[in-house]
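These notes are about the structure you will find just below.
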Amino acid sequence: MDKIIKSIAQSGAFRAYVLDSTETVALAQEKHNTLSSSTVALGRTLIANQILAANQKGDSKITVKVIGDSSFGHIISVADTKGHVKGYIQNTGVDIKKTATGEVLVGPFMGNGHFVTIIDYGTGNPYTSTTPLITGEIGEDFAYYLTESEQTPSAIGLNVLLDENDKVKVAGGFMVQVLPGASEEEIARYEKRLQEMPAISHLLASKNHVDALLEAIYGDEPYKRLSEEPLSFQCDCSRERFEAALMTLPKADLQAMIDEDKGAEIVCQFCGTKYQFNESDMEALINDKA
C-alpha cells in the first residue's frame with residue numbers, strides 16, 4: 001500500500017515528507033494506458049499533488065495543473081486531504097528517447113508554461129496561484145511554487161522509474177522544509193546534506209526506498225516519525241454525477257443524442273470509466289426536465 005511518512009528533526013529545524021506512490025502511479029498508467037514519457041510526467045504531477053494535499057487541513061480539495069506548450073499538453077490532478085488523488089495527461093502517447101542509463105526525459109520536452117494550483121477550502125473562495133515552469137521537471141517547478149507562493153523554502157525530489165517493459169517499477173518522492181526558528185548553522189548543515197544526497201532515481205531504486213530517503217535526508221540527525229498515512233489513486237466520479245451534468249443540457253440537445261446516437265456514452269477524463277445512457281435513460285431525463 002502506498003503511504004506518506006511525515007517526520008520532523010528533533011531540533012525542530014526541519015520537517016520532511018517521504019512518499020511511496022508506486023501503486024498510485026501504476027494504476028494511473030493502467031487506467032490511461034500511457035506510454036513511458038507520459039507515464040513519468042503524469043506520475044510526477046500526482047506525487048507533487050499528494051505532497052501538497054498532505055500539507056492541507058480540513059476537507060480541502062487541491063487541483064494541480066501543469067500547462068506546457070509541448071507535446072504532453074496539459075496535466076491535471078485533483079487530490080483531497082484523505083490521501084486520494086486522481087489525474088490525467090492530455091497526450092497519453094508521448095514516448096521520448098531515454099538517457100544512456102534508461103531514465104525517461106521530461107523537462108527538456110515540457111516547453112514553456114505554468115504550474116497552477118487551486119486550493120478549495122469549501123468556502124466558495126478557492127485560492128489560485130500560478131508560477132512559471134522553471135525546468136519542466138515538475139519537482140523543481142513544485143519547489144519554486146512553494147518558495148514563491150507559499151513563502152516556504154523547500155527541497156523537492158520526485159520520480160517514476162519504469163521497468164524494461166516501460167511499466168511502473170517504483171514511484172515516490174520527498175519534501176524537506178525549513179521551519180521557523182531554524183538557525184543559520186542548522187540551515188547550512190541541511191543544505192550541505194541535500195546537496196550531497198544521491199539522485200532521487202538512485203534512492204528510489206533501493207530495496208526499501210522509503211527508509212533510504214529518510215536516511216539520506218536526516219543522516220545522523222535525530223528525528224521523529226509523526227505519522228504514516230495511506231495514499232491511493234481514487235476517482236470520485238459516478239453515474240449520478242454525470243446524470244446531473246446531462247440534466248443541465250437543453251432538452252433539444254438530449255433529444256438530438258437520442259435521434260443521432262441512440263443515447264450517450266460519457267467517459268471520465270480522470271479514470272477512463274465509461275457510463276452508458278440508453279434511449280430510455282435519456283427519455284427519462286427529458287421527462288424529468290419537463
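Cβ atoms here come from the backbone N, Cα and C positions, even for glycine.
Feature list (source: Swiss-Prot):
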type     : residues      : note
DISULFID : CYS235-CYS237 : disulfide bond
DISULFID : CYS268-CYS271 : disulfide bond
CYS271 (disulfide bond): tally of other CB atoms within 10 A of its CB: 18
Neighbouring C-beta atoms (10 Å sphere around the C-beta of CYS268 (disulfide bond)): 18
